[in-house]
Amino acid sequence: MDELLLDLFHKLTSGRQLAAGNGLCGISHKEQEVWKPGHNILVKMRKEDKSLVWLIHSTLARYTQVTNFLGTSRSSVTRCKPGANCPSSHSGISRQLSPLSVTEDSSAPILELQNQGSSGVCGHRVERQNRSADDGTQTHSENSSQENRIKARCLSCTSMVLKGIWGLLIILSVSSSWVGTTQIVKITYKNFYCPFFMTWFSTNWNIMFFPVYYSGHLATAQEKQSPMKKFRECSRIFGEDGLTLKLFLKRTAPFSILWTLTNYLYLLALKKLTATDVSALFCCNKAFVFLLSWIVLKDRFMGVRIVAAIMAITGIVMMAYADNFHADSIIGVAFAVGSASTSALYKVLFKMFLGSANFGEAAHFVSTLGFFNLIFISFTPVILYFTKVEHWSSFAALPWGCLCGMAGLWLAFNILVNVGVVLTYPILISIGTVLSVPGNAAVDLLKQEVIFNVVRLAATIIICIGFLLMLLPEEWDEITLRFINSLKEKKSEEHVDDVTDPSIHLRGRGRANGTVSIPLA
């Protein structure tokens, strides 16, 4: 730029000297060809010959314009983003073919590279920061979700373990109470045979079911309720209005009669048959419940339960055949089957009219049955006493210990059945009931009251298998298929692992020997 100014200054001074030498006093005009900065065309400008000061000022103005042009070109170059097309390359204005334009063109790529480098580094830093922030939040969310999953699994595992423990205890308690009730009845029959009085006496103990439930409520509940308030809350099983006299007679009477009839027939069967046979035949009530539910309630038809019902009927016939169709044996089988049938009818009617009930409602209902039995059924043992059908000499001669033990175990059995539904799985209650069969068999063998032949043993096993088939859920076939498919997948995965392990071993040996072996697998 300095050289350009000196050039212009020498030309102007030489022109002024030439004009003075020629004696030109007027205004002389001189044509000069110059490159105008920032344009592509050659501009011819005529300027008047003025004073040196005016030329210097004009030259300084030109210098200022050239400097501004350089600033704008640099800013336009440095503002170009990496990878983008610079607008100066597409504009209609080209650079001057001068040393200044050459230096500008040569410096532009350097500026662009510097700008690309700086912007690229900054971009990479920003991207790395964003990625690290995203990775941090994602890792934190994954860790929190994984912790929540672990906690949920631990809670579910804990609840399953607790339910399993409670289920095991309730299975043992249910089977023990039922075996104890049956064996105490057999012992009582040696000195006292009044089955209806025993049924009436044990049913009266059901009144204590609700007080036992309320005692548990006071011991475990955080918000205590008064007995009347809790009684009214549990009486909703009879309807929104609670327990009225009309509902008491309408709902309680048929269920109380069925309850009494079930227990009375069971006690009659124990007089004719052994405890093992009666308990095995009573397990047929599951098959009768399915048949009545299918006919009355229009429940889903299941082929496996039909098979279980057929097995139960087969076991009944074989049990009657075990003693060569002896009269007492046939009558005892009829009593036991009648007890199982009335029990099934009780359950089906309860489901039809009252639906499902929680623990408090069940306690209220059973206590109501005991209260109805005490008021309305008490005349029956009185009539049997005076007609000498069930007669005893005096109340002091009654076996009160056996009677209270039988009634207490029967009440415990009913409480455990309803508590078990709350604390554990309902299927375990049924398993506890069917386990009473081998329990009674063990006691009978110890007492040497029964000799098991092949027919009786086969009948007992068939009835128990049919009872267990009744416990299968409705989607048992789908669950079985899923289980089989999962086993197949596990076997296939193990086979793949067994195939890949030798390949890894071969690769390790090949690399150790300096060669690479490719297994066929």
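Each residue, glycine too, has its Cβ placed from N, Cα and C.
As recorded in Swiss-Prot, the features of this protein are as follows:
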{"type": "DOMAIN", "residues": "261-321", "note": "domain 'EamA'"}
{"type": "TRANSMEM", "residues": "160-180", "note": "transmembrane segment"}
{"type": "TRANSMEM", "residues": "192-212", "note": "transmembrane segment"}
{"type": "TRANSMEM", "residues": "248-266", "note": "transmembrane segment"}
{"type": "TRANSMEM", "residues": "277-297", "note": "transmembrane segment"}
{"type": "TRANSMEM", "residues": "301-321", "note": "transmembrane segment"}
{"type": "TRANSMEM", "residues": "330-350", "note": "transmembrane segment"}
{"type": "TRANSMEM", "residues": "365-385", "note": "transmembrane segment"}
{"type": "TRANSMEM", "residues": "395-417", "note": "transmembrane segment"}
{"type": "TRANSMEM", "residues": "419-441", "note": "transmembrane segment"}
{"type": "TRANSMEM", "residues": "450-470", "note": "transmembrane segment"}
Response to the item:
the domain 'EamA' (261-321) resolves under DSSP into 50 helix, 0 strand, 11 coil
Worksheet item: Over the domain 'EamA' (261-321), what is the model's average pLDDT?
Response: 88
Worksheet item: Any residues 6+ beyond the ends of the transmembrane segment (419-441) with a Cβ under 8 Å from its own?
Response: 163-164, 166-167, 170-176, 178-179, 182-183, 274-276, 279-280, 283, 286, 358-359, 450, 452, 460, 463-464, 467-468, 470-471
Discussion item. Looking only at the recorded stretches 160-180, 248-266, 330-350, 365-385, 395-417, which one has the largest tally of CB-CB distances under 8 Å to the transmembrane segment (277-297)?
Written reply: 330-350
Practice prompt. Would you kindly list the residues that approach the transmembrane segment (160-180) from elsewhere in its chain, counting only those six or more residues past its ends and only Cβ-Cβ distances under 8 Å?
Written response: 275, 279, 405, 409-410, 412-413, 416-417, 419-420, 423-425, 428-429, 431-433, 435-436, 439-440, 443
Fill in: Cβ-based contact of the transmembrane segment (365-385) with the transmembrane segment (248-266), 3 or more pairs under 8 Å
yes
